[in-house]
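S.K.: The structure follows.
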Amino acid sequence: MADLLKLLLRVAEKAANVARVCRQEAPLFQLLVQEKTGVDKNKKFVQDFKTLADVVIQEMIRHDVGAQFPEMIDHIQGEESNKFENGLGESVIVTVCGTEKETAALLATVLDGDQTAATLLARAIHQDAKLTLTDTGTDDLHIPLSPSDLGIWIDPIDATSQYIEGREEAAVEGRLCPSGLQCALVLIGVYLRATGEPVMGVINQPFNHKDPTGWKGKHFWGVSCGSVKACSVLRPKDRPAKTTAAGGPGLSVVMSSSEKQAVKEALAPLCGPDRLMYASGAGYKILCVILGLADVYVLSEGSTFKWDSCGPHALLRALGGGMVDLKECLHSSGSSHCQGGHQDQGELTYHQPHTESTGADHWANQGGLVAYLNCQILHRVIGELKGKF
């Protein structure tokens, strides 16, 4: 299944290129945006957006993976509905066609006959990704998985609001970006259909840095399957411990600026004033933990979804960490333990919907979450939060 990982890296790079193409022409970009409504609306945000780039990326990934692994096609799910409404009020089902010309013709119906824009998008969809895989370490991987046992979650552009707003924040080495284009990510996660365990993940950051020729991206991947643990990111080395005013080791926690005040107050003593950090995008906050820019990501609300967490969760597991349901851990009456570096209860899974919910909440991480690399740090965080909210 190393071939599947290589394919996901390529399609994620194609997706990143589509995201960059869609930002190159501001008038075109304005045409691509429409509000999510009804059951597709994420209740966390006053305004949440669906873009044609989202839909195109999702369907492109579905098309390319299904072409190489047809047994997986019915188990590839994403955030977006592929129904798009054009300026005439016509509903169009967006799919990737067999040829670039056919895809361009379909996209032109979405873009109110704008052949130039449709051709540009179709070209990005059908071109091969310019991604060198020779140095990724994937060639020597032997992953004991069968395509017929797997499902895929896709988040075509996580942190869509940051992507749409398009702020270009100056990145500082060793520090997270609170907001801006760097927070927008392409997320692809692979899970076992029988158990929901995340086993493979790819993260592509289309807007990692900018040079004189434009934005350049960066990709990350991880595999966690039985004894096979491999990741493109080295596990962050233990850093010199900072201490809080009380004299204990200081942790760094990343969360949403809209997090409950009770959660912020409960964790502040663990962190100190400069180690309680805020950033946009669920996927990006998990990436901050993966990269060692934060020790944990804490979210107390059920405002993330399986497509947000599946891919990054696999990278965390590959590095010896994981992602747990916060509510389940807080309500657990027994003591929990680390098994192979992972929490032995409460780990998020990806195969079972919430049948009592509708729309996007069908696949919500309803109990909130904590993303971690170190199980002992997870236990400290859970201990501080118990009984606080």
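Including glycine, each Cβ sits where the backbone N, Cα and C put it.
So TrEMBL has the following annotated:
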BINDING   Glu79, Asp155, Ile157, Asp158, Asp308  Mg(2+) binding site
REGION    338-357  region 'Disordered'
S.K.: Since the record lists Glu79, Asp155, Asp158 as binding-site residues, which of them has the fewest other Cβ atoms within 10 Å of its Cβ?
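M.R.: It is Glu79 that, of the binding-site residues Glu79, Asp155, Asp158, has the fewest other Cβ atoms within 10 Å.
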S.K.: Once Glu79, Asp155, Ile157, Asp158, Asp308 are set aside, which residues in the chain still have Cβ within 8 Å of the Cβ centroid of the Mg(2+) site?
M.R.: Ile154, Pro156, Ala159, Thr160, Leu185, Val186, Leu187, Ala282, Gly283, Phe305, Trp307
S.K.: Just counting, how many other CB atoms are there within 10 A of the CB of Asp308 (Mg(2+) binding site)?
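M.R.: I count 28 other Cβ atoms within 10 Å of it.
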